[in-house]
Amino acid sequence: MKGEVKKVVLAYSGGLDTSIILRWLQDQYQCEVVTFTADLGQGEELEPARAKARLMGIKEENIFIDDLREEFVRDFVFPMFRANALYEGVYLLGTSIARPLISKRQIEIANMVGADAVSHGATGKGNDQVRFEMGYYALKPDIKVIAPWRLWDLTSRTKLLDFAEKHQIPIAKDKRGEAPYSTDANLLHISYEGKALEDPWVEPFEDMYTRSVAPENAPDKPTYIEIEFEKGDAVAIDGVRLSPAALLTKLNELGGANGIGRLDLVENRFVGMKSRGVYETPGGSVLIVAHRAMESLTLDRGESHLKDELMPRYAELIYNGFWFAPERIAIQTMIDKVSENVSGTVRLKLFKGVASVVGRKSPKSLYRMDYVTFEEDSVYDQRDAQGFIKLNALRMRLAKMARG
């Protein structure tokens, strides 16, 4: 492998697995390694990643730690929420939507430093390998991709730990007795997968959850909040305007405190197998309820129903790694156009695991009380309904007459 690659940009968390990958790249390719660590709001201190990269011989100018929280929410999470995207009807795509931003920034760094390759720590069984690499190739078609989990012989946790000890890679004390699941986190969600959770019959441990209280332990008094929208995006909570990242952070706090946002599902991976995942998405779970309520007031029936028809396809594209695909961009263009009228305020009640809409208002509301009232009105002639019904029933009447 020596000489195949001159410089590689590694998506680096600073954890054990990507530190092993870093050393493996140095050994196998004898190339210059550039580390990239993204702050997506995972709630971890990232400076230790810089220290560990230095310890492993990475030059200071080759260490990138970027705060991408605002870009993540503004340019990836919010556009996705304009579509009300749910994969297989329930999953808010917290992991899926983070991957294209990481890929994008990796390629930007590769262009900056003149790297001819990129590398990631996703395994050969999961969706993330697809998501990362789809992004790489979409943005830089001639880039070389190194996926160590598909190449090396470190096929067990024991072999990984032995490799780390042999190469003097620091091993955290808890790594020999690891948590009985793996996690992935960002500002939108945290996921728990694998190990003890692989059996879909096993109930998740209560002490596993970090972003929400159990619904039954949530406060006995509901929390009322108001979310203001402009052109499909949330911009304020209770009248206080916030940046995209700050707003999602606040919704996470409010939703989590009221036991909202837990999800346990078995999903269909793009690579063909099913997997069981447990997720906490408190802020996102509140936001999607509020957004749909705002749309119900401001979108025409045809617009709304067309969006609902396209949503499963849109969500599947994101889940499968096609964020940069032309069809995803085309659907997004339609969604963004429709969202220009989605402005106003939604009032919600957060109570013991449920976010309920209790009020909505908009300067662009299509709801007309003078038309819908059960009292006497002067704008709607109920006699018009007779011809409307007859015309819509005509094809069924003809079918019955012809077929009996």
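Backbone N, Cα and C atoms are what each Cβ position is placed from, and that goes for glycine too.
Annotated features in Swiss-Prot:
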type	residues	note
BINDING	ALA11, TYR12, SER13, GLY14, GLY15, LEU16, ASP17, THR18, SER19, ALA38, GLY121	ATP binding site
BINDING	TYR91, SER96, ASN127, ARG131, SER182, SER191, GLU267, TYR279	L-citrulline binding site
BINDING	THR123, ASN127, ASP128	L-aspartate binding site
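Overlay of Swiss-Prot feature records on the structure.
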residue : record                    : contacts (Cβ under 8 Å, 6+ apart)
ALA11   : ATP binding site          : THR18, PHE36, ALA38, ILE102, GLN106, VAL118, SER119, HIS120, GLY121, PHE132
GLY15   : ATP binding site          : none
ASP17   : ATP binding site          : GLY121, LEU160
THR123  : L-aspartate binding site  : GLN129, TRP149
ASN127  : L-citrulline binding site : THR95, SER96, ARG269, PHE270, VAL271, TYR319, ASN320, GLY321
ARG131  : L-citrulline binding site : SER96, ARG99, PRO100, SER103, ALA122, ASN320, GLY321, TRP323
SER182  : L-citrulline binding site : TYR192, GLU193, GLY194, LYS195
SER191  : L-citrulline binding site : GLY94, THR95, THR183, ASP184, ALA185, GLY277, VAL278, TYR279
Between SER13 (ATP binding site) and ASP128 (L-aspartate binding site), the C-alpha gap once rounded to whole angstrom: 15
DSSP-derived structure type at SER182 (L-citrulline binding site), helix or strand or else coil: strand
Cβ neighbour count within 10 Å of TYR279 (L-citrulline binding site): 26
Number of Cβ atoms other than its own within 10 Å, given for GLY121 (ATP binding site): 21
ASP128 (L-aspartate binding site) versus GLU267 (L-citrulline binding site) - Cα distance in angstrom: 14
Least buried by Cβ count (within 10 Å) of the binding-site residues ASP128, GLU267: GLU267
Fewest other C-beta atoms within 10 angstroms, as judged across SER13, SER19, SER96, which are the binding-site residues: SER13
Cβ neighbour count (within 10 Å, all chains shown) around TYR91 (L-citrulline binding site): 21
Distance, ASP128 (L-aspartate binding site) to TYR91 (L-citrulline binding site) (CA atoms, angstrom): 16
Secondary-structure category, per DSSP, in which TYR279 (L-citrulline binding site) falls: strand
Farthest-apart CA atoms of TYR91, SER96, ASN127, ARG131, SER182, SER191, GLU267, TYR279, residues recorded for L-citrulline, distance in Å: 19
